[in-house]
Each structure stands twice: as structure tokens, then as C-alpha cells.
């Protein structure tokens, strides 16, 4: 029951009890709940035992977080998944949508913020803002209203303006686009809280010992060098950011193969595209920026080799269920002459272990069918290719002949007959069963 008697905010998390992503979120969610006690209620709904409730609110993936106001489903939660990020995001949900700035001192205090600030001004405010009237003259709407975006002082630089004026016709849509296009600037500070928003585009990131709370000047040293190079490659579809290496150590190691001993005090530089392709700069980052320019020249020319996290390709792969790794995925799953059922699993997943004997029996049953492959891949130790959405385990897809770029997600039962009925319906040919070699 989502009571309307608690009007401010209620954030339930819908999850099944054995979901790996949910277990990862749980301690962060709990810490945020402790900090938000008294202002925002956080709760969990186990979709394993409360499937009707989860279905009523359209929950289809896990974990799903929704914001409720006055007992009603208000909006999906699309904020960070760390304790600090959840806390900050939900605190803003309970505060006022805007604050009134009455004096120049109010304005200065408001824009002297760790993050970017949006200020909307109307006619009677202009006398308060007399020290920025030269900027207002550039805004043709300022006779009645004007919107300004102030970049955070800690990110001040010589490569872009610290203040951006909204000049379009004012609508909700145009204002949203203006904020989206300008709020991060040329080279934002990527954090655990904003990384998902930044990675909707192809993104280069320089990781180093960055600390804007205690060492602004030192943090901007390498950022300025990134920006100097980035300003030469504008308009080519690549965005840029800097990040604290310590915040992303596990990601750098798991996703890019970069160890903590690599690089020393010099930045790590990576590129992650919105399609999931990954590249690393192997040359040391030189202070003159020349190595970064060479890296970008090779990237835009298509000369860089993608980094792929992969286990070694099996020397022998004679079992009924074929083992696939990232390096062999194209050869096995994207074989143009064979239908392939591929299971993405985690070695520690109890559901995967329960499925194992049925999956082996399926592979044995279809052993004599030369046009179909039953395969599996450890999705923890190998990069999952584009087009396969793996959020939990096991996740199973079917890649049929002629439609390798449109794999079909398997959503059926976990018994042998369920798999055989699915393959009979989806396969590009008549199935051949082992033993009798009869067609199904």
C-alpha cells in the first residue's frame, strides 16, 4: 500500500530476491535510506513473492526504482545508483523547484556552486543584475525574461565561456535541450553519479588523481591539457571528460585491463562509444598533449584496435554445449550458416547451476543437427556484444541464420520441451534429434 498520507516522496525499489544487480544496489540503497530518514521513505518490493504488485506498476526489469508522490506513481527514478547519488537526487525531489534571488549577493551565492546553476530572470530582476547587463544585451528575450546557465567556478577555463545565454524561443522542450547541450560543457567532471548520462554519447575520459574539494588547481592541470586538444577536434562526434582514477579502479581493471600500477601519476585515457566499443591509449600522456593528439588521429582514422575483455579461446571445444568467449563470439554465434542458442551465465548464479543439466540435455538432444549450436558464455569474464541486453542470469538469446543482428530473447520455461518447442518455432530449418536422427 502506497499511502497518500506521506506526501513528499516515496522511493520503492522493485526487485527479485536473487538478482545480482539488485544485490549490488542493496547496500547503497540501505545507506541512502538511513540518511533520508524523516524526509523520504525508501522501501523494497520483492517481485518474487509480490509479482502482482510489480506487474501492476509495469515492472519488467530489475532493479526498477519509481518515485511516488501523494501515493501515486509520479516518475521513474533515473538518477545515480550510489548511496550519495540517491541521497542527493532525492533531497532535490523534496525541495522547492526554484528559489527566488532578491539581491546580487543571493545570485553570487547561488551560482558559486559545485555544479552548474540555471537562473531565470524576469524584467523586475534586471536592476539586481546590473553587473552582467552586457551579457543580457545578447539575449533578445531579456526585455521580459531570460535564462542563463552558469558553469561551476571550479571548472573555469579559457576554452569556453563560464556563462551561457539561452537564445531560443522559450518552451519546455527548448529549455530542456539547452540544458542538456550545455550543462556539462566541453570537458565535464565524470563521477559515479553522472557517468550514465555522459555515456549516452561516444566519450573520451582521462582518469587521474583528481580532487576538486581539496586541490582545484591540480585537478585542472590535466583537464586543461585535455581541453586544449579537444578544442581541435570539435564537431566530430566525440565528447570528453575527466574523472578521479580512484573512483573507477575496478572499472578500469575489469573493462579496460588497466591495473593500478599502470600510468603512475599520468592519466589513463580511454574511449567508450555509445555502442560499447572500447579503446585505450597505450602511449604515455605527454604534457604537451602530442600523445593524445596521436591517439585521437588514430581513433578517427579507424586505426585503433578495440579492447575486448575475453577469456582465452578454448583449445578444445568438443562438449555438447559449446563454450564461447568474447574473442570467439563472432566465429561461433554469428556463424552465418548456423542457428545458435546462447546462454549468458555467471559461475556463481544458482539459477544457472539449476539450468545446467537441462541445457546439457538440450545440446545432447540436438547433437546430430549440423545446423544448430547450443552455446554458453561467462558474462562476468567476457564482454557481452552489442545487441544482447544482459541484466541478470541466466539470460538466453537465439541468433538465427539470416538475422544475426536481430537476436531473439528467450522468455520461455526452463524444461527441455520448452526449449525444443521454442527452437522448432524459431529455427531456420527442421530440427534433427540425436539418436533417431529424425526431423522435428
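Even glycines carry a Cβ here, placed using N, Cα and C.
Remember, predicted model here, so these are calculated numbers, not experimental data.
Per TrEMBL, the feature domain 'Thioredoxin' maps to 1-95 (among others).
Under the heading signal peptide, TrEMBL lists 1-20.
A simple way to gauge crowding: the CB of residue 22 (disulfide bond) has 21 other CB atoms within 10 angstroms, across all the protein chains here. Look at TrEMBL and you will find 19-22 (among others) tagged as disulfide bond.
Per TrEMBL, domain 'Thioredoxin' is recorded for 307-428 (among others).
As annotated by TrEMBL, disulfide bond applies to 349-352 (among others). Just so you know, the Cβ of residue 349 (disulfide bond) picks up 18 other Cβ atoms within 10 Å once every protein chain is counted.
For residue 352 (disulfide bond), the count of additional Cβ atoms within 10 Å of its Cβ stands at 20 [all protein chains shown]. Separation of the C-alpha atoms of residue 22 (disulfide bond) and residue 352 (disulfide bond): 17 Å, rounded to the nearest whole number. Looking just at the domain 'Thioredoxin' (307-428), the mean pLDDT is 95.
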